[in-house]
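> Here you go, one structure.
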């Protein structure tokens, strides 16, 4: 039984480390968005927050497995099950309302273009200008939207004027990454389920080993 517990402990630690690495990846993506894509500040704050929660949850699992604590390990498993349920609902929501979300992104861009936060001038730093720098695009439909294209319409490396419009490039950007997001979320849920199973089985193994030691002392 002790050997079985040790084996389960090793597998649990391996999967918990993998889970922590996924949390670090989410945290890194969130910090990248927060530091470089300031016009997506909401995503920038939420994503690293989720990554931090995943890391802390993984640390809880690692502590429980390393110290062979059945209470901590079972608590970790329960938290993971709750996470799996919430993430499954979230992914399902995004999957069902994907078209509506894309329409909302399109509408938000159109509103930003129609009501810029700053006058459209060569040195402006509005949301539109940030998107132009990010996607190497210019204006809503193209550079012809401006009488005098702002600095943000020029490629930072070549100083050439970007001719493509930002509206379609923004929609294409999110469309291309939508499927990757869903697959990543499904992968994260699968890892959480595996971690939860190993944690629960390990916790039961620890309890059973303790009971045997009480009734069958060496």
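Cβ atoms are placed via backbone N, Cα and C, with glycine included.
Curation plays no part in TrEMBL annotations; they are all automatic predictions.
I grabbed these lines from TrEMBL:
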DISULFID  137-166  disulfide bond
DISULFID  138-153  disulfide bond
TRANSMEM  12-37  transmembrane segment
TRANSMEM  43-64  transmembrane segment
TRANSMEM  76-98  transmembrane segment
TRANSMEM  180-203  transmembrane segment
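Situate these features within the shown structure.
Taking all protein chains in view, 25 other C-beta atoms sit within 10 angstroms of the C-beta of residue 137 (disulfide bond). Under DSSP, residue 137 (disulfide bond) is assigned to coil, being neither helix nor strand in the three-state scheme.
Look at residue 153 (disulfide bond): DSSP puts it in a helix. Residue 153 (disulfide bond) has a Cβ environment of 24 other Cβ atoms inside 10 Å.
Through the fold, the transmembrane segment (12-37) approaches residues 43-55, 57-59, 61-62, 65-66, 73, 130, 134, 187-188, 191-192, 194-195, 198-199, 202 of its own chain, all at least 6 residues removed from its boundaries and within a Cβ separation under 8 Å.
Residues 12-13, 16-17, 19-20, 22-31, 33-35, 37, 71-73, 75-76, 79-80, 83, 188, 195, 199, 203 of the same chain sit 6 or more residues outside the transmembrane segment (43-64) yet have a Cβ under 8 Å from a Cβ within it.
Taking Cβ pairs closer than 8 Å, the transmembrane segment (76-98) reaches residues 57, 60-61, 64, 178, 181-182, 185-186, 188-189, 192-193, 195-197, 199-200, 203 in its own chain, all 6 or more past its ends.
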> Around the C-beta of residue 138 (disulfide bond), how many further C-beta atoms are within 10 angstroms, looking at every protein chain?
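A 10 Å sphere around the Cβ of residue 138 (disulfide bond) contains 26 other Cβ atoms.
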> Specify the count of other C-beta atoms within 10 Å of the C-beta of residue 166 (disulfide bond).
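Within a 10 Å radius of the Cβ of residue 166 (disulfide bond) lie 28 other Cβ atoms.
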> Quick one: Cα separation, residue 166 (disulfide bond) versus residue 138 (disulfide bond), in Å?
6
> Based on DSSP, name the secondary structure state of residue 166 (disulfide bond): helix, strand or coil.
helix
